[in-house]
Amino acid sequence: MISLELNFNLFTSDLSHYFKNQVKVGLLGSGVGLSVVLGFSAAYACYYLLSVAKKPILISGGKKFHQFLRDKCPVVSETYYPPFWCWESRVQTLLRPFVTAKPWVNYRNELITAPDGGQISLDWFDNDDSASHPDQSTRPTVLLLPGLTGTSRESYILHMVQQSRDLGYRCVVFNNRGVSGEKLLTPRTYCAANTEDLEVVIEHVQRTIDKAPLMAAGVSMGGMMLANYLGRKGSEVRLKGVVVFSAGWDVFECTASLEKPLDRFLFNSYLTSCLQASVDRHRTILEKQYDIDHVMKAKTIREFDERFTSIMFGYPSNDDYYLDASPIHKIKSVQVPMLCLNAADDVFSPNHAFPVEAVKQNPNVALLITCHGGHIGFLEGLWPRQSTYMDRVFHQFTSAVFENGSGLDDLH
């Protein structure tokens, strides 16, 4: 026992001596520690530069649109550098709302009436201080569509408004029914497949500013709704151009991806609770036609859609709804220039369901794919607080459409 105690005392004495002389001054004070740090840093830097930081892939069905993007939107050819400390898809998706700044935007709200008697909330940023486009009657305007439960106050929407303001443009945000504080007047909300409210909004905006050029940008479900609208209306669409971010192209594949254990825990359950909270806020009018108690017991987005969304919009089954809501089937009918940005690691929109072949068959559509970026993430730089890769794509494409739109004439 005495021998063991002596050995232990000698060991702790030697260890204490080592820490006093080597570690006390910090890890870099040790030659071994410095070598380890430098070695690890070099290895990580090599891995980052070889496997993380990569140029995006640009896919287009026509040479003219492809060359237009190369010439007018250099961001499509530049290497995307995610933060070295935050490039994993789920981390990017979760951190974006907290990392990026929320610019202050003073909106002018307008409530318009839908044909069924419901009301739709529009938030206008008029940009009356625009130096490049002082005439409000001809000021270029961007219609913005937020995601599933998003409003005009989402950070990604605020950033697009800020980018538009810097370019001298006006913005109007289409808030889906019941999500931005307005009261539901009819027992109806919204879904990715139904574009009736979007049609009402576009017609209203074009009547209001009939001399101003109009384009649109949609994010996540907003992008899906926008793509579905373009596919359905074809040559009737009068938008100058469209940009879509992080759209889910095949709803069956999107929901299956979000039902994997980790993604169900991180995202699916939370989004389901957000949808249920929105329904519960309008319970008084909705419970007249739907079993709200049954809806509130849903555990996943799929269950919510089975119990509420598909029923509300008259689909025979949830599969019928998901088929109709999937923009991948309507890409071939898009007749206006549409740029789509997706990250290959987006768990909301798995890359094997990207409409690559459909895009290759349509000269009006281009698909830009980054290796990383997550869902509406696209953080870049050391500390991505002010701008993201997505913001730069929006800025350059919007400017190109409004300032060099003649280059998009007759893309066939």
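Glycine residues also receive a Cβ, built from the backbone N, Cα and C atoms like all the rest.
According to TrEMBL, the feature active site, charge relay system maps to Ser220 (among others).
The active site, charge relay system feature in TrEMBL is assigned to Asp346 (among others). Its own atom aside, the Cβ of Asp346 (active site, charge relay system) has 28 Cβ atoms within 10 angstroms in the protein chains shown.
Of all Cβ atoms in the shown protein chains, 26 besides its own fall within 10 Å of the Cβ of His375 (active site, charge relay system). What TrEMBL records for His375 (among others) is active site, charge relay system.
The domain 'AB hydrolase-1' annotation in TrEMBL covers 140-381.
The feature transmembrane segment is assigned by TrEMBL to 25-50.
In this model, the domain 'AB hydrolase-1' (140-381) carries an average pLDDT of 97.
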